[in-house]
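Novice: Got a structure for you, written out below as structure tokens; questions coming shortly.
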Amino acid sequence: MAMETQDIIKRSATNSITPPSQVRDYKAEVAKLIDVSTCIGCKACQVACSEWNDIRDEVGHCVGVYDNPADLSAKSWTVMRFSETEQNGKLEWLIRKDGCMHCEDPGCLKACPSAGAIIQYANGIVDFQSENCIGCGYCIAGCPFNIPRLNKEDNRVYKCTLCVDRVSVGQEPACVKTCPTGAIHFGTKKEMLELAEQRVAKLKARGYEHAGVYNPEGVGGTHVMYVLHHADQPELYHGLPKDPKIDTSVSLWKGALKPLAAAGFIATFAGLIFHYIGIGPNKEVDDDEEDHHE
């Protein structure tokens with residue numbers, strides 16, 4: 001992918017605006033497609049992520065499931081999720097690669113109060129700039145997928161970057177390169193949507209009538225998409241939300257109420273200025289002067 005697609009179009013806690021849809025270059029937008037029907041849960045993608053990003057999580061404890069590590073962390077940016085479900089009287093073992101979805105309308109970026117701590121590139125990748133992170137955790141609350149994780153060692157938040165450093169020089173993400181079954185694909189979003197529809201058609205031909213593409217509209221679509229056997233029940237895949245949306249409080253705080261808050265601050269500041277000009281500064285009165293007036 002060309003370097004020019006790395007132009008930043010959004011920064012947290014700034015007034016940068018997303019270009020209108022009619023002028024966005026969809027050919028420049030990238031996406032990762034994960035076909036859960038061909039994933040074997042080998043965790044090669046987890047290892048590749050750890051190796052490329054030079055992150056090492058602590059050795060955990062067995063909690064009675066195949067998930068290892070048991071959850072995402074500041075040092076585990078992707079994990080395999082294993083779920084058992086019964087469909088039509090048959091047991092199904094569903095596997096899903098979990099990690100940042102790189103939303104087109106990222107709740108983490110909207111919620112973040114630190115200027116430039118979270119950015120979004122023109123190609124759709126959402127990236128954390130750790131040097132600007134203040135560790136407030138608002139991005140965690142703003143994410144409808146519960147992805148960002150706080151590192152207690154440096155009090156900064158981390159997540160999958162979609163290997164933005166590799167993508168910027170024309171390489172695919174490390175997890176895509178290492179997948180032995182070709183379950184993970186990478187390219188332009190247009191290409192990935194076309195490929196996803198082909199995979200869905202094959203799944204439906206095999207009897208999965210509810211197969212579909214997971215690209216939720218509630219967050220403007222995502223740059224990490226899934227092909228699911230049971231797209232009508234995404235929650236079967238370890239709680240994947242059916243209709244994820246940015247929390248109303250975040251939308252109000254950083255949306256409709258933001259101008260009001262700014263106006264309130266300006267009005268307060270102006271009031272202080274007028275008070276100073278019209279009345280002058282408050283004077284301190286000592287005890288002797290106060291007794292004299294009495």
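In case you wondered, yes, glycine gets a Cβ from its N, Cα and C as well.
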Novice: Among CYS62, CYS136, CYS143, find me the residue Swiss-Prot lists at the same [4Fe-4S] cluster 3 site as CYS100, CYS103, CYS108.
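Specialist: Of CYS62, CYS136, CYS143, CYS143 joins CYS100, CYS103, CYS108 in the [4Fe-4S] cluster 3 site that Swiss-Prot records.
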Novice: Express the predicted model's confidence over the topological domain 'Periplasmic' (1-256) as a mean pLDDT, rounded to an integer.
Specialist: 91
Novice: Which numbers of helix, strand and coil residues does DSSP report for the domain '4Fe-4S ferredoxin-type 2' (91-123)?
Specialist: 5 helix, 13 strand, 15 coil
Novice: Counting only residues 6+ away from its ends, which parts of the chain sit with a Cβ under 8 Å from the domain '4Fe-4S ferredoxin-type 2' (91-123)?
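Specialist: Same-chain contacts beyond the flanks: 1, 4-14, 18, 25, 28-30, 32, 34, 36, 39-41, 45, 72, 77-85, 129-130, 132-134, 136, 138-145, 147-148, 159-162, 164, 167, 175, 183-184, 219-224, 226, 229-230, 236-238, 240, 246-247, 250-251, 253-255.
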Novice: Around CYS179 ([4Fe-4S] cluster 1 binding site), how many other C-beta atoms are within 10 angstroms of its C-beta?
Specialist: 22
Novice: Who sits close to CYS39 ([4Fe-4S] cluster 1 binding site): which same-chain residues at least 6 apart have their Cβ under 8 Å from its Cβ?
Specialist: ILE95, ARG96, LYS97, THR181, ALA183
